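Chemist: Before I ask anything, here is the structure I am working with.
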Amino acid sequence: MSDLFYGVAYYDEYMPEDRLAKDIALMLETGINVVRIAESTWSTLEPREGEYNFYHIDRVLNAMHKAGIAVIIGTPTYAVPAWLAAKHPDILVTTVNGQQKYGPRQIMDIVNPTFRRYAEKIIRTLMTHVQHHPAIIGWQLDNETKHYDNIGRYMQEGFVRSLREKYPDLDRLNNDFGLDYWSNRIDSWQDFPPVENTINASLACAFSRYQRQQVTEYLAWQAEIVREYAQPHQFVTHNFDFEWRGYSYGVQPRVDHFAAAQALDIAGVDIYHPSQKHLTGREIAFGGAITRSLKRGKNYFVLETQAQGFAQWTPYPGQLRLQAFSHVASGAAMVSYWHWHSIHNAFETYWKGLLSHDFSRNATWQEATTIGADFARLSPQLAELQAENDVALLISNEAMDALNQFRPGDAQGNIYNDIFRRFHDALYDHNISLDIIHDVNEETARYRALIVPGLYAADDGLLTRINRYIEQGGRALIGFKSGFSDENVKVRSGAQPGILRESCGVSYSQFTLPEETTVSACSADIDCRQDNQAELWMELLTPDAGTRTLLRYQHPAWGDYAAATEADYAQGRAIYVGFLPQKTLISQLFDRLTAGLDLRSRTSAYRYPLVVKKMRNRDGNSIHFLFNYSGEPQAFISETSGNALLSGEKVSCGQPLRLKAWDFTIIES
């Protein structure tokens, strides 16, 4: 990928009038060099079973090729046609709320053999028709695939088969999952109950893991079909997404991104985030860090992000540029908007594309033209950027499932992602750039510091590898509830935090919920005078001999207990935190943990809203991105010397610089 891609999703099928020539002229003016088509229009491609209409596909491919705009074809399987649902209603997914009714997208049962048969047919028919077209550079599998909370017959039968393969001895299953509780014991596979109403977290989490495995298998199945037709120069990708809270919020609970990405040549992602005064760049950063890590640091595609989006997201001047280059600063090789034009009918009428409903050259489009020009001009310096981080954050779908089975008190929603975001955002605001990993192995040794938030469920092997990482010189910041249960969500019967006690040098057997509880510092380098509330959970920690108490609870009943501790372990060091701290306190604990280390991941002495990213380009030069994520000008002193790529000016280390509201600069050194 020698050049940056700047793209849009394009739907000729949705147009109220024939605009293809006008749109292509505008795209060229914008600097668009890639479009994605076809993934949403199965019913247009196959209006009746076995009858195909490739009119829109053909005319878009031909016109784009003539204009020199590349095309990504999406397999059109995530929104099923009405005729298919009418003929085979069993293809509609069944959830705990019953079987879905036709209408929305993503309501199919991805393990249903009838659905698979029809999906394979449309994929093969489309591939056969377009496979040799010179405009096509790659293929997108499906769209934001998940299991859609599938509890249907085929999903449950497959789950039971997987358990039978793993547990030929039912006694072992009953023991691992604790099924004697409330008479849930199973002594015959024929008696295995439906899973959807289980009160057993071990069984529920095993089923959730199996559901994710079916997403992995489904994407691999599509990839195998597509590669039968794809040309050697074409890539296979997919647009992963994240937990949705009106925007991309956290780790996706319904997909194991790391496993599913193995079927891809290039990882793709959809990242959406608040804008206007709420624009922070945090979602761009964590989404990019996860996606970049899926293919071991390789560049990735942002296949969807917003141009205008929701009405409350219409970007302030400068924000579209800030967003686009923030993606590049995280390692994106493509920034593509969903979508080119605003749709005139149906569910997403008020999700605005790059163009509004009148197709005019609006202010957002005008700003996009500057991005397109800069992408083209600066591709030699900004394409194929590589991160060189030495800090990693460990995430786990399994820990997420388990932790969310046992939410503390009246906590709601996905508390794992609340914890993940608190730790990630604290370091982001502190200008600590990080990778996101899903395992600890021999490659983890290249990281000098490891962040482990909420690792509630983990097998002995993973916890032992964390201990060995610390023993061999690593430094780890470990959050509450880590190490508490095994991979089957069976609570460990020894002192907590279980196996991690070896490296953390701390134990506890009691915990409670924080109520009017703050923490105080036991070390001069930690300031707890503000932002000192204990949130969500409190472990009443007792340090082992030689372990230092860093924080103590301020409460009439719990004041004798440590809230955070620090232990030296062989060549390394571990800080254990028994509660959910505020972001400023997390960053202070991280600074103490890494004291004396010259971290590559520490990109700046400045703090949010001045966000600094550092990457290495293909010429071996350092690229420094300095973003002002605020509506106020920011004055600062340059921490590097080099060439300012946007202005062409020379910059010296120590030189005073100033960024306007929502502005940025890029320095190559």
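Placed from the backbone N, Cα and C atoms, the Cβ positions cover glycine too.
Model, not experiment: these values are computed from the prediction.
Sharing the features that TrEMBL gives for it:
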{"type": "ACT_SITE", "residues": "Glu144", "note": "active site, proton donor"}
{"type": "ACT_SITE", "residues": "Glu304", "note": "active site, nucleophile"}
{"type": "BINDING", "residues": "Arg105, Asn143, Trp313", "note": "substrate binding site"}
{"type": "DOMAIN", "residues": "10-376", "note": "domain 'Glycoside hydrolase family 42 N-terminal'"}
{"type": "DOMAIN", "residues": "390-598", "note": "domain 'Beta-galactosidase trimerisation'"}
Chemist: Other than its own, how many Cβ atoms are within 10 Å of the Cβ belonging to Asn143 (substrate binding site)?
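Modeler: Total other Cβ atoms inside 10 Å, all chains included: 23.
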Chemist: Far apart in sequence but close in space: which same-chain residues, 6 or more away, have a Cβ under 8 Å from Glu304 (active site, nucleophile)?
Modeler: Ala9, Asn239, Asp270, Ile271, Tyr272, Ser336, Tyr337, Trp338
Chemist: Where among the recorded positions Arg105, Glu144, Trp313 do you find the Cβ with the fewest other Cβ atoms within 10 Å?
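Modeler: The recorded positions Arg105, Glu144, Trp313 were compared, and Arg105 has the fewest Cβ atoms within 10 Å.
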Chemist: Name the secondary structure element type, per DSSP in three states, that contains Asn143 (substrate binding site).
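Modeler: SS state of Asn143 (substrate binding site) = coil.
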Chemist: Can you check what DSSP calls Trp313 (substrate binding site), collapsed to helix, strand or coil?
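Modeler: Trp313 (substrate binding site) sits in a helix per DSSP.
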Chemist: So how far apart do the substrate binders Arg105, Asn143, Trp313 get, largest Cα to Cα in Å?
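Modeler: Roughly 23 Å, rounded to the nearest whole number.
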Chemist: Can you give me the Cα-Cα distance between the residue listed as 'active site, proton donor' and Arg105 (substrate binding site) in Å, rounded to a whole number?
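Modeler: Here the two Cα atoms are 11 Å apart.
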Chemist: Would you report the average pLDDT that the model assigns to the domain 'Glycoside hydrolase family 42 N-terminal' (10-376)?
Modeler: 98
